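Asker: What follows is a single structure, and I will ask about it in a moment.
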Amino acid sequence: MDKLFSMIEVEVNSQCNRTCWYCPNSVSKRKETGEMDPALYKTLMEQLSSLDFAGRISFHFYGEPLLCKNLDLFVGMTTEYIPRARPIIYTNGDFLTEKRLQTLTELGIQKFIVTQHAGAKHKFRGVYDQLAGADKEKVVYLDHSDLVLSNRGGILDNIPQASKANMSCMVPSNLAVVTVLGNVLPCFEDFNQKMVMGNIGEQHISDIWHNDKFTSFRKMLKEGHRGKSDLCKNCNNVSVQTEEQYDYVL
């Protein structure tokens, strides 16, 4: 039986205030919109608690988590149900004030990955410069030029489509994505939800992770057969080649 995922990304909301040219939000709309129902989030927490999940959990897919009205509730529930997990927030920083950072830290967030995206002046720069040492240590502050851009599974035409068809990918061996409506995806590149593996409202996430569809997909990607999947055949992302847990890839 395959080992359990060490990372889980939860789409607590679908909205983003930016439409960066290197993000699918600039060319398409998510199939699922809105915010996750707190009852569904609780279901996920109960399932992860039963697994004693101790990996990385983050609160995004292609949305900006600080726009989620229930973010504080979700972070608090995470700390309550899975205290050994590592809660991390990935954000564009536009709504991250010093007070907000401190509140979320008190609720359990261990790290903030803030990316200064292309476009409008970044408000967070001034906040970051004024942070005390202990708070600043919780922030990884990146410029968009630091990022290794992918074509998001072939969605973005403005990023080279050159396929890495024979290269392995360990993303579905390490990570699960849970969408606003509870659908489980095998990859953070699956913006259009081509590979739904199950739904946490209908099955335990462990059962979904170990089902035949997910297991076969993992094996295929480990062996480098990207060309057999519509999701992967045009993907140029080769950043995840090991089963090690990571916070971000440069």
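For all residues, glycine too, the Cβ spot is worked out from N, Cα and C.
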Asker: Of the candidates C68, C169, which does Swiss-Prot annotate as part of the [4Fe-4S] cluster 2 site that also includes C187, E223?
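Answerer: Among C68, C169, only C169 appears alongside C187, E223 as [4Fe-4S] cluster 2-binding in Swiss-Prot.
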Asker: Using only C-alpha positions, which one of C169, C187, E223 is spatially nearest C20 ([4Fe-4S] cluster 1 binding site)? These are the binding-site residues in the record.
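Answerer: For C20 ([4Fe-4S] cluster 1 binding site), the closest Cα among C169, C187, E223 is found at C187.
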Asker: Per residue, counting other C-beta atoms within 10 angstroms of the C-beta, which of the binding-site residues C23, C169 reaches the highest number?
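Answerer: The most densely surrounded of these binding-site residues is C169.
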Asker: Tell me, how many other CB atoms lie within 10 A of the CB of C20 ([4Fe-4S] cluster 1 binding site), whichever protein chain they belong to?
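Answerer: Its Cβ shell of radius 10 Å holds 17 other Cβ atoms.
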